[in-house]
Every structure is written in structure tokens, then in C-alpha cells.
Amino acid sequence: MDTKNTEIKGKERYKAGVLKYAQMGYWDGDYQPKDTDVLALFRITPQEGVDPIEAAAAVAGESSTATWTVVWTDRLTACDSYRAKAYKVEPVPGTPGQYFCYVAYDLILFEEGSIANLTASIIGNVFSFKPLKAARLEDMRFPVAYVKTYKGPPTGIIVERERLDKFGKPLLGATTKPKLGLSGKNYGRVVYEGLKGGLDFMKDDENINSQPFMHWRDRFLYVMEAVNLASAQTGEVKGHYLNITAGTMEEMYRRAEFAKSLGSVIVMVDLIIGYTAIQSISEWCRQNDMILHMHRAGHGTYTRQKNHGISFRVIAKWLRLAGVDHLHCGTAVGKLEGDPPTVQGYYNVCREPFNTVDLQRGLFFEQDWADLKKVMPVASGGIHAGQMHQLLSLFGDDVVLQFGGGTIGHPMGIQAGATANRVALEAMVLARNEGRNIDVEGPEILRAAAKWCKPLEAALDTWGNITFNYTSTDTSDFVPTPSVSM
């Protein structure tokens, strides 16, 4: 019998000094995961000569209780329960040398309601492990008992729609451009023009905080003046994502309180502030009836490459637990990374009460969200009115469609850019509701609407043929991944 991956127990274990991870009990090919286990799927690339099962056991060990040698203090713990267990290893289809490694963790290993603690175990150490050329966390499954220790989004999609009194169609937004350099007064003018033209939201970008050209307080004052004026003139509830990201939590709370005092309904933070800060701001938003918008700034440094890092679907799961109301999830048709099925998988993580296994969309596990509120996905980055049929078909109603350059760059002005997007959306939703095939008839529907809307006509003439047809880096490993054609 081959014993190289068989656990060594008893006194022989503690005489051994250094054992293989599989021999220390971190591999169990017969293990059946429990409903209460936290499950993780890693993509691993072992060094030449390293047994994939041993590599998988090492991942389980180094993300739970192991160190490089046997330690007698294991005997002071319930080590059989505390050890994570790699229980399945499969070759990655079409990628020699890479393996999918499934690992189960007993729920007792994790602090309740703490993304910081969860990530310290799952990704804290294993990604630097020498026997692995590369490792990537592809997906996770959280038991209901663990999900219930989190409060989730402070507002959720249903309550947000009730506050806006907007139902049955996507929300519209735009990012103020240029990102940097505008004075507070000019910034507020851009916000007013976009909202007056028909958008629901305008937003700060990820790197606009409090720079010499525009102090944060000036921005907040001019922006909220614009929001209130546009709301009064249109009769619609409007908002602007005020970015409160700062160098300390104390300063972030100070900015959040000022935004609230001005009547803002929403604040924004960047992913780079960290999970503890995100959970803290989420709790503040919950206590103060504020919507929390999350910009995923920095995620591409570790989510884009298929062989090493963390899939964005995992980040989306962590952020739903941590408690954000909006999350940038990609566009599939815009300028940023993401093929259609993969991006749809991110949206499913945000919006569904229960995720089923869907390998085409990168979902390897079922996930019961235990009535945790839903996150509103945001599609932003290189999109324009000419793609409205694709965006509506891909993502449905519960999404914020943000046209930054596609609003601010309109040849007839900002307000005209907003109007073009609003008319394009209304025309496409109407056509869909009438039973028309918007995938096929989309361009025709837009051109018909443009006959009665000069701003839309100008938008289609300016950007109608603009596409970003590049091969996605992060794609499904199980099915062909089609591109979206205009």
C-alpha cells in the first residue's frame, strides 16, 4: 500500500521531526465536507517534482494549524478538528501543471463576523509558500451558521429602490470627470448638469479625497447644493457618492458625519481601506440610514491573473458579508477586465439569495445567503449609450449603469450626455417589456429613439462603433467564453 499520503499518528508522529503535510493529517481523500464547514477552492501550481496531493495538504496545513515541523503542543488541542483537510485534487482543464485543490475548514477555526480573521487564515500565509509556484483562491462556501454572524449590507436593493421610488429598470449614474483637478464649484456644476439631465446618481472617483486643488469639505458643500437643486427641479430623488476615504478612521467618520449633516443619502469608500475599516463604516451607515457605495480600487493587482491571487467572486462574497450596498462588478462590454459569463457570476454573488453551482460563471459551490440583504452591482468603465441593449440583456434591472466619459464627454455637453443615456435606457426597457428581442433589435431600437432625441443621436454618432474587444485574462476553465459583439 502507498503510504506517502497516509497520516502518521501516535508516538511515531512525534518522533518524526519533519513529516509531509499529507502525513500530518492535512489530506483526507475520503473526507465528506459537513454543512458547517467553510470550503475553499484553490488553484495551485506546484513546483516541479512536488506531488499535487502534498501541495494541497500544504495549503490546508498552512492556512490552518500547521508549521514546517511536528510540534508536541498539538497534543494540547483537539488537533483532529482544528486541522483543515484537503479532500479533493483535480487537474485544471486545459492547463497542464495546475490543479484545483478543495479544502474544508471546521467552523470553530474562525471568529464570528470578522473578515479580517477569515482572510488571515485563508490567504494569510499560503501564497508565499515555496513549494508552490503560484496559488489562487477561486471560490469559497460559507455555512449558514457563519453567514448569520454578519449583518451584511446596511440598506440593500429593496430599501434603496423604495427611497428612490425607482422600480423595474436599472439606475443610472456617472463618475465626475476629470477625476482630479476641478475646483469645488466647477465640480458641483458637473454634478448638477448630470443629475438635471436625467441621472439618478453622480459619484466621486476612487482617488478624489482632499487634495490641494479641492478640499473635501468644499466638494461636499458644492455637490450637495447641486444634488438639492437638481432634485427640486426634476422632482426625483437624486444622490452623489461622496468619497469619505481618508488616512484614518477618525477622519473618515468626520467626513461621513458632515455628509449626513448636509442631507446626503449615500457615502462611498474604496476597497483599499481594508476589511476592518469597511465593516466599521458599514456599521456607521446602518446606524445612520445611509447607503454605502464600494469602489473596488486596487482589486486588479490580485484578481486579474488566473494563476495567482484571488478571484473577484471571492472578494464579492467577502464584501457582501462585510456589508456594502453597491459594488463595482465589471461591465463585460467596457474597458475593464471581465468576460460576460464570469462577470455575470459576480452579479449572481451580489444579488441572489441562493447561488447554485454554475461552472460557466465560475461558481463552484452552492451558497445560501441566509436572507442577508442583496448588494446592488455597479457597471462602470468604458460604457456608452450605444451599448444599452447589451447591458440590459446581460445584467437585468438591479444594477447601476455608470457612464462617466459617456456622459461628461458628450459633444453637446454634460446635461445632453445624461439625457442621451436616460432616453436610451427608457427606450430599451420599454422595448424589452413589449417582448422585443433587444439582443437582435437593440441598435435599431436606439436609432429609432434617436430620431426624437438629438442628444442620443449625437451619442450614437460619436461612440456607436466604440468597442473594447480584447481577450479576457480571467475566464472560465470549463466552457468556451464568448465575447460580446456590437
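We count from 1, first residue shown onward.
Just so you know, glycine gets a Cβ as well, placed from its N, Cα and C.
For K179 (substrate binding site), applying a Cβ distance below 8 Å and a minimum sequence separation of six or more within one chain yields D205, N207, I208. According to Swiss-Prot, the substrate binding site annotation covers N125, T175, K179, R296, H328, S380, on the basis of sequence analysis.
Annotation source Swiss-Prot lists active site, proton acceptor at K177 (among others), citing sequence analysis. In the three-state DSSP scheme, K177 (active site, proton acceptor) is classed as coil.
Here the Cβ of K203 (N6-carboxylysine) has 29 other Cβ atoms within 10 Å, regardless of which shown protein chain they belong to. Swiss-Prot lists K203 with the feature N6-carboxylysine, giving sequence analysis as the kind of evidence.
As annotated by Swiss-Prot, active site, proton acceptor applies to H295 (among others). Classification of H295 (active site, proton acceptor) by DSSP places it within a strand. Around the Cβ of H295 (active site, proton acceptor), 26 further Cβ atoms fall within 10 Å across all displayed protein chains.
As annotated by Swiss-Prot, site 'Transition state stabilizer' applies to K335.
Not a single one of the binding-site residues N125, R296, H328, S380 has a C-alpha within 10 angstroms of the C-alpha of K203 (N6-carboxylysine).
With respect to their backbone Cα atoms, R296 (substrate binding site) and K177 (active site, proton acceptor) stand 18 Å from each other. The Cβ of N125 (substrate binding site) has E62, S63 as same-chain neighbours under 8 Å, each 6 or more residues away in sequence. Closest to K177 (active site, proton acceptor) by Cα-Cα distance, out of the recorded positions H295, H328, S380, is S380. Residue pair H295 (active site, proton acceptor) / T175 (substrate binding site) shows a Cα separation of 11 Å.
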